[in-house]
Amino acid sequence: MPLELTQSRVQKIWVPVDHRPSLPRSCGPKLTNSPTVIVMVGLPARGKTYISKKLTRYLNWIGVPTKVFNVGEYRREAVKQYSSYNFFRPDNEEAMKVRKQCALAALRDVKSYLAKEGGQIAVFDATNTTRERRHMILHFAKENDFKAFFIESVCDDPTVVASNIMEVKISSPDYKDCNSAEAMDDFMKRISCYEASYQPLDPDKCDRDLSLIKVIDVGRRFLVNRVQDHIQSRIVYYLMNIHVQPRTIYLCRHGENEHNLQGRIGGDSGLSSRGKKFASALSKFVEEQNLKDLRVWTSQLKSTIQTAEALRLPYEQWKALNEIDAGVCEELTYEEIRDTYPEEYALREQDKYYYRYPTGESYQDLVQRLEPVIMELERQENVLVICHQAVLRCLLAYFLDKSAEEMPYLKCPLHTVLKLTPVAYGCRVESIYLNVESVCTHRERSEDAKKGPNPLMRRNSVTPLASPEPTKKPRINSFEEHVASTSAALPSCLPPEVPTQLPGQPLLGQACLT
């Protein structure tokens, strides 16, 4: 018998009327979209945390709930005061016990996130340099019905390694009381502690059955093995497009247009007189930046093209950069929408990210449309993107790691250039107003939207919700508490009859780290 269907008023999609409980996450690998553990591999200062954070930002932006579990943060929570590289020596038995506990604590939180908290991907950010360690993580994934995907960052260029240490590691809490030279010397000795036991991934022999990608020399070469599914292929594609070369991305809206003056949304109107002044001011601004080989991108709508024409530079038109399609509400004012389509107006106020205009788009649709633009932006060096308000919000949310809930309310005023400069683990933004007046098109979040997520949304939809949850503080004993409470080494596994666990945490089962 055919299932009864009902249409989601917010997303305008058909869903079955089914009040049965959703499928348990433990069905894992039997499902195409089962949770995945991404396992980072590599020596310190090889960019693992950079890749982890950047990849997590991308996956959350496209709607795949993802979270990083950095074992170093768990270790810093356990060991309140870092002394020296001696903590990482393989013959330091007490420290080894604490490091194992930290890894176990992180894996417990990985399990909780993927099995109970609605997460889809967990990034296990640690060195994981031995085959034995990786085998245990793989066993943990299989036992919990998670897929495992390994990302190894390999770099033998001493200049790149030294640059990574100077840019990121010396500012780490581990070295807050050290000068640069002392921090560099200690960290190089820390790397040496790992090098003796480092076993790289070997897809030709020992690791031929693993799903993995090796990123070699900061993206100069890649080695990919046994990609299992669509999301892993997207991860591979993303990693092959990013680079670490210094560059600047400029984002701005078109100059004020006639519809902006009238308070109308969408359409394809030309620039107002003030919009033309902004185009001239933008041309002068670009000249002052003195950028070599600046690329200029616009949408296919008149206002962005007129703005770009004033620059007297070559520009490329992207259909993907067109403004959000308002469907039946195109070229209406918000007051006209409220009077003509009161229910649609109320639904959009309630959930602006997921709301889809009748015969039009939602912000969620817009993110999917803009993914090729993000990929190409990651490949480029200096770029100026002239676009529209909703489009600019989506792009800015990606670079600033904003959640789906925040995205539709980001302030992107007319006649202002946003200068984005990538830094170690994020992006620095500078807002530059070009001193040309304009109307304000920003609308604050309504009180209804502030009350919480839309109860009509389904958590098991095809595109999962983004996960704005912050990383939990590691729940482990301090180093001092550990030394005082135990003198025996942790067992090399967790059999059911030996319930070794951290206080206040559930057991992982049989899987553990060594």
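Glycine too: its Cβ is placed from the backbone N, Cα and C atoms.
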Candidate from R99, R220, R221 that Swiss-Prot assigns to the same beta-D-fructose 6-phosphate site as R75, T127, R133, K169, R190, Y194: R99
H388 (site 'Transition state stabilizer') versus G42 (ATP binding site) - Cα distance in angstrom: 41
Other CB atoms, at most 10 A from the CB of A346 (ATP binding site): 14
H388 (site 'Transition state stabilizer') and Y50 (ATP binding site), Cα-Cα, nearest whole angstrom: 30
Entry from the recorded positions list R46, R253, H388 having the most other CB atoms no farther than 10 A: R253
Between Y425 (ATP binding site) and R253 (site 'Transition state stabilizer'), the C-alpha gap once rounded to whole angstrom: 26
